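Chemist: Here you go, one structure.
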Amino acid sequence: MGFFQDNLVPFFKKRELQFIESYKEADDVYSFVFAKEEDLTWKAGQYGLFSITHKSINNGTRPFSISSAPDEDAVRITTRIGEQRSEFKSSLMELTPGMKIMMRGPVGPFYLRDNSPTLLIAGGIGITPFRSILRQLETAPNEAETRIHLLYLDGNRDYLFKDELADMEKRALVSVTYLDSRDELHQGIQKFSALHKNNGKYYVAGPKAMIESVTSCLQSDQVSKQNIKKDAFSGY
Ligand SMILES: Cc1cc2nc3c(=O)[nH]c(=O)nc-3n(C[C@H](O)[C@H](O)[C@H](O)COP(=O)(O)OP(=O)(O)OC[C@H]3O[C@@H](n4cnc5c(N)ncnc54)[C@H](O)[C@@H]3O)c2cc1C
């Protein structure tokens, strides 16, 4: 799959999604659930471009990773919404069942490609694409054994999807290390890269500053660019 298949073609596909419900995942973190039409699918890890349509606002579109897996029966996004919220997020909070939102995509090259040893690196809300990726492995496991390790950094130790992740660990789909400092994160990355170097694949999702520091850590360990996939979450 190349750039056109992952980005350009799906970018022009837009559809309305019907809002079903929202719920609180943690302090200031909410999931929004939309009905999934039968012909809609995506690769676990991809994101959609979501637009508010029930009213006219400035900057009414945001990219969000789809936190549900394609085998689940709904489209779900998960986002941080604090007291100081953008007009976009205030509008999301106004949705009531039956209302619509527009989605373009799903797009992007952020999905597992093969059974290489894989390091997933999540910063805070950057766990969202990994929840989809891991959940998808649960329902459609790769034939060959995939060795996946997740490093999950959150400075407040406010980890999302913790019960689900614990369950996945029990089933040996993934091993998870919970971290609360950049130093620990860099140590975790170096441990994995020392073992697997360029035989491994590295997926990083989270705030831009965290992506930059992880990328330079990986590159100083001689991990080549083509083995690093990034989802830089703007706005954090
Ligand atoms: C590929 C990709 C995937 C992504 N996936 C996710 C995801 O799964 N979950 C997720 O949460 N984000 C995700 N993002 C980021 C997302 O698109 C938004 O940029 C992010 O959630 C911030 O949105 P916002 O509306 O709060 O921010 P912006 O409008 O960009 O505001 C930035 C900051 O300013 C503050 N702010 C904005 N307006 C006001 C206001 N009127 N008053 C006071 N303060 C204000 C906000 O608190 C915010 O911290 C993704 C981005 C990319 C590129």
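From the backbone N, Cα and C atoms, a Cβ is placed for every residue, glycine too.
Residues annotated as domain 'FAD-binding FR-type' in TrEMBL: 12-113. Taken from TrEMBL, the feature FAD binding site applies to ARG62, PRO63, PHE64, SER65.
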Chemist: For a quick check of packing: other C-beta atoms within 10 Å of the C-beta of SER65 (FAD binding site), how many?
Modeler: 28
Chemist: Here are some binding-site residues: ARG62, PRO63, PHE64. Which one has the most Cβ atoms within 10 Å of its Cβ?
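Modeler: In terms of Cβ crowding, the pick is PHE64.
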Chemist: Restricting to the domain 'FAD-binding FR-type' (12-113), what is the model's mean pLDDT?
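Modeler: Reported value for the domain 'FAD-binding FR-type' (12-113) is a mean pLDDT of 95.
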Chemist: Which chain neighbours of the FAD site, leaving out ARG62, PRO63, PHE64, SER65, have a Cβ atom within 8 Å of the mean position of the site's Cβ atoms?
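Modeler: So the additional residues around the site are TYR47, GLY48, LEU49, PHE50, ILE77, THR79, PHE233.
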Chemist: Mind checking how the domain 'FAD-binding FR-type' (12-113) divides into helix, strand and coil residues in DSSP?
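Modeler: Each residue of the domain 'FAD-binding FR-type' (12-113) counted once, the result is 7 helix, 46 strand, 49 coil.
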